[in-house]
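Comments concern the structure below.
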Amino acid sequence: MSNDGDLNIDNLITRLLEVRGCRPGKPVTMSEAEIRALCHKSREIFLSQPILLELEAPLKICGDIHGQYNDLLRLFEYGGFPPEANYLFLGDYVDRGKQSLETICLLLAYKVKYPENFFLLRGNHECASINRIYGFYDECKRRFSIKLWKTFTDCFNCLPIAALIDEKIFCCHGGLSPDLQNMEQIRRVMRPTDVPDTGLLCDLLWSDPDKDVTGWGENDRGVSFTFGPDVVAKFLNRHDLDLICRAHQVVEDGYEFFAKRQLVTLFSAPNYCGEFDNAGGMMSVDETLMCSFQILKPSEKKAKYQYQGMNSGRPAVGGGRPGTTAGKK
């Protein structure tokens, strides 16, 4: 078993950031021992912090990244590299993209370096049965070993599953659950844990809003449920909350409101899988809980290998639009 002696966190972060400006997809040189040590150290930190995080604004919230490492670097260029800004990521760091290892290693490294300012929630892809199939297992096996993939699984099984920002914004990867009556139920989930096929933890990572549903509906994914605007309104009212912030679905503009701006979906992987023309969105929450959005535009098809640097994003919706403030009414 590795120990933390194998881990020089500053040196690792430096190497991970050195590929900025290089051709997208350039692999970062890392050793299996240091990645293993990174997993062990970050796992310790996850277990030392609550499974339901209680965070304070200001912070920036990001949705799915899915191994699109170059786009993760673009997000940080735009929002500020830690510790310049505080961050909450909503899960789905691995699978589908070409550089899941660089992506998860940079995120875990920032967690170790800035444990009180940088937060990661669990997505449905931070689960062995899913990332065994959709790319992460194959990437670990090809570049290092199956054993390393298992070490990541042990780390992912300890990630927090939801966050409350100033007791007003509820954040999770997927959505609500018919089993969720009070926040204490989330706090009672014991870690390490796999993601079960049904129940509260499954729903928080897998469910989706559906404007055409009242109450709860079947989910086309074959897992969990869909929930209607009435469920959102009821949940916010019961818990004295203002907004649900979640990820889990590709949305064209990088962010999309639902249920009269009571729920927002964030998706932070532009040109997802190279198959969509979606933008990537990041939500900034200021001290007054005003929410605004920073957008990474999808890259032009013809500029496939052109580095997309500081000017690749454009600010979206100015802060003053009605319904974008949570909390301070």
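Placed from the backbone N, Cα and C atoms, the Cβ positions cover glycine too.
Going by Swiss-Prot, these are the annotated features:
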| type | residues | note |
| --- | --- | --- |
| ACT_SITE | H125 | active site, proton donor |
| BINDING | D64, H66, D92 | Mn(2+) 1 binding site |
| BINDING | D64, D92, N124, H173, H248 | Mn(2+) 2 binding site |
| REGION | 309-329 | region 'Disordered' |
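Cβ neighbours within 10 Å of N124 (Mn(2+) 2 binding site), excluding its own Cβ and spanning all shown chains: 25.
Cα spacing between H66 (Mn(2+) 1 binding site) and H173 (Mn(2+) 2 binding site): 13 Å, rounded to the nearest whole number.
Separation of the C-alpha atoms of H173 (Mn(2+) 2 binding site) and D92 (Mn(2+) 1 binding site): 8 Å, rounded to the nearest whole number. Within 10 Å of the C-beta of H173 (Mn(2+) 2 binding site) we count 26 further C-beta atoms, all protein chains included. Counting only the Cα atoms, the space from H248 (Mn(2+) 2 binding site) to H125 (active site, proton donor) is about 10 angstrom. D92 (Mn(2+) 1 binding site) is 5 Å away from H125 (active site, proton donor) when you measure Cα to Cα. Other C-beta atoms found within 10 angstroms of the C-beta of the residue listed as 'active site, proton donor' number 27, with every protein chain shown included. Distance noted between the C-alpha atoms of D92 (Mn(2+) 1 binding site) and N124 (Mn(2+) 2 binding site) is 7 Å.
Summary of the Mn(2+) 2 site environment: with the site residues D64, D92, N124, H173, H248 set aside, the chain residues having Cβ atoms within 8 Å of the Cβ mean position are G63, L90, G91, G123, H125, G174, L205, A247. D64 (Mn(2+) 1 binding site) and N124 (Mn(2+) 2 binding site) are 10 Å apart (CA-CA, integer value).
The secondary structure of H173 (Mn(2+) 2 binding site), as reduced to three states from DSSP, is coil rather than helix or strand.
If you draw a 10 Å sphere around the CB of D92 (Mn(2+) 1 binding site), it holds 28 other CB atoms from the protein chains shown.
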